[in-house]
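Working notes for the structure below.
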2 protein chains.
Amino acid sequence: MSDRRKRRRPDPDSDSESDTRPFKHLLKPDATILSSLRTLASSAAASSSKTLTLSDLRLSAACREVSDLPPSAVQSAIESLAVSLARSILSGQGFSFTVPSRSSANQLYVPELDRIVLKDKTSLRPYSSVSTVRKTTITTRILHLIHQLCLKNIHVTKRDLFYTDVKLFQDQTQSDAVLDDVSCILGCTRSSLNVVAAEKGVVVGRLIFSDNGDMIDCTKMGMGGKAIPPNIDRVGDMKSDALFILLVEKDAAYMRLAEDRFYNRFPCIIVTAKGQPDVATRLFLRKMKMELKLPVLALVDSDPYGLKILSVYGCGSKNMSYDSANLTTPDIKWLGIRPSDLDKYKIPEQCRLPMTEQDIKTGKDLLEEDFVKKNPGWVEELNLMVKSKQKAEIQALSSFGFQYLSEVYLPLKLQQRDWL
Amino acid sequence: MSDRRKRRRPDPDSDSESDTRPFKHLLKPDATILSSLRTLASSAAASSSKTLTLSDLRLSAACREVSDLPPSAVQSAIESLAVSLARSILSGQGFSFTVPSRSSANQLYVPELDRIVLKDKTSLRPYSSVSTVRKTTITTRILHLIHQLCLKNIHVTKRDLFYTDVKLFQDQTQSDAVLDDVSCILGCTRSSLNVVAAEKGVVVGRLIFSDNGDMIDCTKMGMGGKAIPPNIDRVGDMKSDALFILLVEKDAAYMRLAEDRFYNRFPCIIVTAKGQPDVATRLFLRKMKMELKLPVLALVDSDPYGLKILSVYGCGSKNMSYDSANLTTPDIKWLGIRPSDLDKYKIPEQCRLPMTEQDIKTGKDLLEEDFVKKNPGWVEELNLMVKSKQKAEIQALSSFGFQYLSEVYLPLKLQQRDWL
């Protein structure tokens, strides 16, 4: 009787829990799972070599993209621009910038590329107009500051940039917006401008890379992991014997996997931005994917925001669509927690949360997005979520024991190749 | 003429800026500054050996404090508690917990210790009362879970703990509050319970330490730095040739110093929690201060929140006063940006911000706090802030050039021993 009760109600703390934890009995030996992962890794390496670009689709004229440029190239681009402006003034035509439009009307989702890109609409920003004289001045000043940053090759934050001329910029939204304009004008990424965002991501596992000249071995970073550097241009020499990259939405799940050294049982690199993806983590993930040619599996909450976070890594945010080629990581697989997992893994009712009206609206909006639509599996899962009106966090798995995530759920997911 | 203009209006971007930057000419050679820092370091090493405790003040009976216990000791404490509860039930007296009160009425600032401590008031939490039966059950369940964590010696987050029994805990505030109660009942720190908070701090500079068995050299962590581990009990073997610890409020200033490798010019350890201090960073800072016996200099914004952040590192938060002995770092010096620096360093008017009504209220409230009152220099600075109604961020120094912070302001502060 006591035995039967144990089987029905999972006890997260029982010492001899190994047998009673749901689905534990389905797990095959690690060697079997590993060999299946090796197949996954080699197919990812084969497929990722043929990433499509705008020019493959003959869209380079109709769309605008920026690329990574070394500081010296940014410097020359600014100098050429200055010369052309001076010529224009000398020829009596005054001076104006041609600025690509970054409005959503000028954005396009390209299914072949699976990301949002910027179309080719531009607008003129003349100095000799009351409505644009201020913005033209700010643009010139930002170009001047960027030129200095590239000359010295140092990195600053947007906040630093704002404070160099508060009188002119007035508030930071103004200098920030012009900074994005300058990226588009020069055709280079924001990181090429040496303006970086605050870092918050961490990485741990089977990865060696150089950060500003120092070699970092991420298997020797304890539980805390290595903070992801804010400036991707000083990151290089990536080496790894991992079979996949595990992209984790949240800190708590990351911690569990780091403490259990999950990456030693299943060779992988574990990375998290601790919530909303920041630019540094997105750049780092893409760089890993591109250089190491590894498959990326995502572990996110089973709610609309989990999928949204996955989508920002995968196909970019609208705000920085001009840089989607550099910020996005193609072909991220949705490993879990998926809405269908809730029943499949018998997540107890009390660990599921009812979706709010706002959640349901966000879920329905996602169903209209192209990047979701093109993946029938995702549509099915999202439909299930919206219909059941239930969500769950990764942490809900703790109801089967604190290490259920690392010892049963993830190994089983990998064994069953259960990703979409 | 052009020369004179240059001297009056600092140009942050001029290539030959070295001479025109304010106060640059006051800087002595690094060797002079270093020798003064060596004196500071050795006096800190001498003074920090005599840290007062509650028992020195004969307050151990009147006040309650927790201490770090190894998992086996926590386990035994829980087992002893269980035995005593069983005895009480068997003797017909039912069962109840004696829980130290954590309300602010039971808190005390002890000037000799320079931190907030918990007084000795307790309350009874009997099972046989309608008003406390639920809380007693939650307490028992949490004790059970903690016992398991210590047995396995794994670490989890508060969120994981909550999810192990959502039906009982109902919402996380309930399990969180009881967790603090359990710390007080057992007389051990929350980290001893193996429940850890999310990490967000980073450290870089002249420090070597072990994280979960891996040796970490923080001079070889590039610009990103090392993420501070969530579980302090797996941190050890600290070694350093630094002369001081630089505690930085914000990410942007941290980045500037890390990129410029400030710690190589002036041997130091640079640490930041990126805003509000989290438990992991507070524990880490204290451990560095205690083991390495180094002075701690704080670089925070010149606003009431900067000083408040300094105070949380220094004398603790009211919420966790029972653990102030382990969470606080004694004798942190306020290096800058101090209100008097705004005029002294001629921070341009447009880089100063007007204080809001709320800011001024917070400033005035701080003036009433014991930990501020006991430092006359701090009172003077805070009075100046409230009177001038002006605040400024660390980033305001960027108006003199992006590297003004690392190349002029901080070296000059160190040279002049300008801290309070």
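Backbone N, Cα and C atoms are what each Cβ position is placed from, and that goes for glycine too.
Under the heading active site, O-(5'-phospho-DNA)-tyrosine intermediate, TrEMBL lists A:Y163. Applying an 8 A CB threshold to same-chain residues 6 or more apart, the list for A:Y163 (active site, O-(5'-phospho-DNA)-tyrosine intermediate) is empty.
Among the features that TrEMBL reports, active site, nucleophile is placed at A:Y163.
The Mg(2+) binding site annotation in TrEMBL covers A:E249, A:D301. Counting Cβ atoms from all protein chains shown, A:D301 (Mg(2+) binding site) has 21 others lying within 10 Å of its own Cβ.
Among the features that TrEMBL reports, domain 'Spo11/DNA topoisomerase VI subunit A N-terminal' is placed at A:134-195. Confidence annotation: the domain 'Spo11/DNA topoisomerase VI subunit A N-terminal' (A:134-195) carries a mean pLDDT of 91 in the model.
Per TrEMBL, the feature domain 'Type II DNA topoisomerase VI subunit A all-beta' maps to A:199-235.
Look at TrEMBL and you will find A:244-414 tagged as domain 'Topoisomerase 6 subunit A/Spo11 TOPRIM'.
The region 'Disordered' annotation in TrEMBL covers A:1-23.
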Key: Set of same-chain residues at least 6 away whose C-beta sits under 8 angstroms from A:E249 (Mg(2+) binding site)   = A:T272, A:G275, A:A298, A:L299, A:V300, A:D301, A:G306, A:I309, A:I394
Query = Can you count helix, strand and coil residues in the domain 'Spo11/DNA topoisomerase VI subunit A N-terminal' (A:134-195) using DSSP?
reply = 47 helix, 4 strand, 11 coil
